[in-house]
Each structure stands twice: as structure tokens, then as C-alpha cells.
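These notes concern the structure reproduced below.
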């Protein structure tokens, strides 16, 4: 395996996977590796041991990070190896794009049926859009968007801000030679946080107190996920749920009675990014997370949110919010390689919800965690999503996401006319400082 990884240029392949970009060389590397993993010749334990050795020899991270991640992932990877609906030749086309696949495949080039607008809905759309100008002079609503908290319960004031692990500013065992400090020894973690690190709990609570003072006129919160710190090798179900409980308590305490629209981030899952479809009902099921969230968020969630972490809330007559679990679109969700065609049937459901909104004459905000783009999502999912957004562009008036930690505004364009804008995404900045951001939140003013 080491020889193969050396030949295929494993580091370059990892970079291509992270960035969602590919070349002829990375495509070839991906095909070689996926064939090795999926052919079943190497058993589960040998595969895990091999990747552990690769992680150490290539110094991808510290020994405890290598061990923790591989132990978390090995059962999931083994199940998908045995049960994937994709051929090894299709895996890289889904992971890196259709340029890594030659031929036709229903797993790479799937399309959903989108109904046209009926006459009654068309009349309502025209009537509603005609009232938009008048609405601009009427009352407004303020929405607070909070995302990517990444609270670190192990943050240690005075600890080193550089290390050989995904997250620093904590007590790191110096007996681990791979975790020795690489930067200046006199640079230490401050009381309220440090730029390369996640933020301590007292900073999180201080932020909630400050937000509470500045949001008296806010009546709706979009809280778009990622609560747990970036110590992904330490994730466990009980530990992640404990983090969720702390933030849920802060929200109950500091949101001034505002309505909360919660979203699931990719860091809530164990292992990270792993969101199996609802049809998976064995030990790999994600129902443990949905059930925990249903208990903590019962005041805010409709009952059907348990199905796949996506749901609709009617805020008032003429306005509803559709929450997507865009972790199902993600290339880095390994369950995408179990079945890549509309995972969890979420886009089929979205079409139905938008038809209902159109027939009722409602405007819609779409809210999610992972923004829909070709870096994060599979090409087919993005294509179908853009088809849906274009079809319902008179109904969808805004989209809100997080995940990147950056303050962004993105314009979406038609699949068929790259100069035709069909919608936009607002990406709010993170509360965490990881890795170079200032703690932030956003208040948006919209017309009713």
C-alpha cells in the first residue's frame, strides 16, 4: 500500500479531494486507490493498520490523531466497501468530478423531474411579485444568523498556539514526538481565544450575552450548525451531544424569546461528515443524532425533522423557511459513496415543498450549513439544485449558509446560461477564530 500511495502521489490526491479539483494525474491516482480499497482483497483490520502506518510515515498528523480518526472510520468504510452501489470506476467521478470518469453512469449524471408552474400558481406568483414594491415600504423583520461556534471545552489559557494536530491551544502530550511545538515557544493562547484555535466556553457565553444586548429587535434566529471543536479524532456520540446541550441552553437563555431555526453541521456527526441516509437502520444509523436533537430542540422543530435533518417551518402567512441538511450533498460525506443519487431523497422533498410554497403564494428562505458549490458538493447534486433554484426563482428570495467561516456573498447562475443570475447565497462568518477569523455574527433586515 505504501508503494502504491507513493506512486500515486498521496499528498497531491488529498489536496485534490479537499479542494474538489482534479487533474489527469489525480484522477489516475484516485482510480488506483479506489480499486485497491473496494476490491475486498485487503481485510478491514489490515486496511486500518496500513492507513495508520501511512498517516505516521507521511507525518499527516500526530500518532494519537492518526489512531483516533482511523478507529472512528474503519467500520463505516468497511460497511460501504461491502455494500456500495457504485463501481470503483464511478467513485472518483463522484469524488473529483465527471472529468475523472469516461462513459455514462446513473450515479454520476442523475437528473430529477421538476414540474412546471400551473396556471393558478402562475397567477399567484405574478400577483405576489407585483406587491413586492409596496412591501418595501412596509414593516421589516430582523434575522440573526449565527454559525460555526466550534466551542473548545479543552481550551487552555497560556498553552501553545502551534502544534502538529488539527487544533492547538490545549495541553498536548510532549511524550508524543510528532506533537512537539513547531513555532515560537513564547506565543501562547490568550484569555478569550487565539487565531489558529477554536474558542473557549467563556468566550462563547460572553458572545451570547453581547448578542443578546444587540438583538432586542430580532425575532428570528438562523443557527446553522457546527458546535463541536475541530478535535475530530476525539469525537464520540456522548461527547458531541454534551456540546449540543450546552449551546442549546445558551440559546434558550440569551435569545430574548426569538424563534430559532436550527441546522445540523458536518461536525455534529460521528465520525465527522458521516451522514448515512435514513434507510440505514443498523449500528451505522445517524438516528442517535436526530433523536438527541429532537429532545434538545423540541421547542423549535417540527416532528418530521427527525427523518433526515431537513424540514419546513411556516413563519407566518406568506413566508416559510426550508431547512436543508446539505451534509447529504457533500463530497466528503463518505456515505455519498454508498449511494450518490439524491441522498436521503432530499432534493425530491425540496421540490415538493417549493411546489406547496408556490401554490400558497409564500416566499421562501433556504437555510443550510454547507453552501452549495462544486468545491463542497457532488457535481450532480449541484446541477439538480441549480435547476430547482432556477425553476422556483420567484419563490426562493434568499439562501443562508455557514461552514466556510468567511463573510461571503455568492451569486448563483443558470446551468444553461452562465450570465443569467438565478439566486444568491449569504454565508455568514463564524463565531470561532479557527483559523484566522474574528468572532462574528450577522443581523439581516428583510421586508415582511
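Using N, Cα and C of the backbone, Cβ positions are placed for all residues, glycine too.
Per TrEMBL, these features apply:
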| type | residues | note |
| --- | --- | --- |
| BINDING | 148, 150, 226, 405 | Zn(2+) 1 binding site |
| BINDING | 226, 266, 369, 403 | Zn(2+) 2 binding site |
| DISULFID | 27-100 | disulfide bond |
| DISULFID | 30-92 | disulfide bond |
| DISULFID | 55-66 | disulfide bond |
| DISULFID | 163-168 | disulfide bond |
| DISULFID | 169-197 | disulfide bond |
| DISULFID | 329-377 | disulfide bond |
| DOMAIN | 143-406 | domain 'Calcineurin-like phosphoesterase' |
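Under a cutoff of 8 A between CB atoms, and with a sequence separation of 6+ in the same chain, the neighbours of residue 66 (disulfide bond) are 52, 55, 56, 60, 233. Within 10 Å of residue 369 (Zn(2+) 2 binding site), judged by CA to CA distance, lie the following recorded positions from the set 30, 100, 148, 197, 329: 148.
Comparing the Cα of residue 150 (Zn(2+) 1 binding site) with the Cα of every entry in 168, 169, 329, 377, 403, these being the recorded positions, the smallest distance points to 403.
The two recorded residues, residue 168 (disulfide bond) and residue 403 (Zn(2+) 2 binding site), have Cα atoms 20 Å apart. For the domain 'Calcineurin-like phosphoesterase' (143-406), the predicted model reports an average pLDDT of 92. Among the disulfide-bonded residues 27, 92, 100, 163, 169, 377, not one has a Cα within 10 Å of the Cα of residue 226 (Zn(2+) 1 binding site).
For the pair residue 30 (disulfide bond) and residue 405 (Zn(2+) 1 binding site), the C-alpha distance works out to 29 angstrom. Counting other CB atoms no more than 10 Å from each candidate's CB, the disulfide-bonded residues 27, 163, 169 peak at 169.
For the recorded positions 148, 169, 377, 403, 405, a Cα-Cα cutoff of 10 angstroms around residue 100 (disulfide bond) retains nothing. Taking the C-alpha atom of residue 92 (disulfide bond) as reference, the shortest distance to any of the binding-site residues 148, 266, 403, 405 belongs to 266. Of the listed disulfide-bonded residues, namely 30, 55, 168, 329, 377, the sparsest Cβ surroundings within 10 Å are found at 55. Note on residue 266 (Zn(2+) 2 binding site): other Cβ atoms within 10 Å of its Cβ, all shown chains, come to 21. Relative to residue 329 (disulfide bond), the binding-site residues 266, 403, 405 all have Cα atoms farther than 10 Å away.
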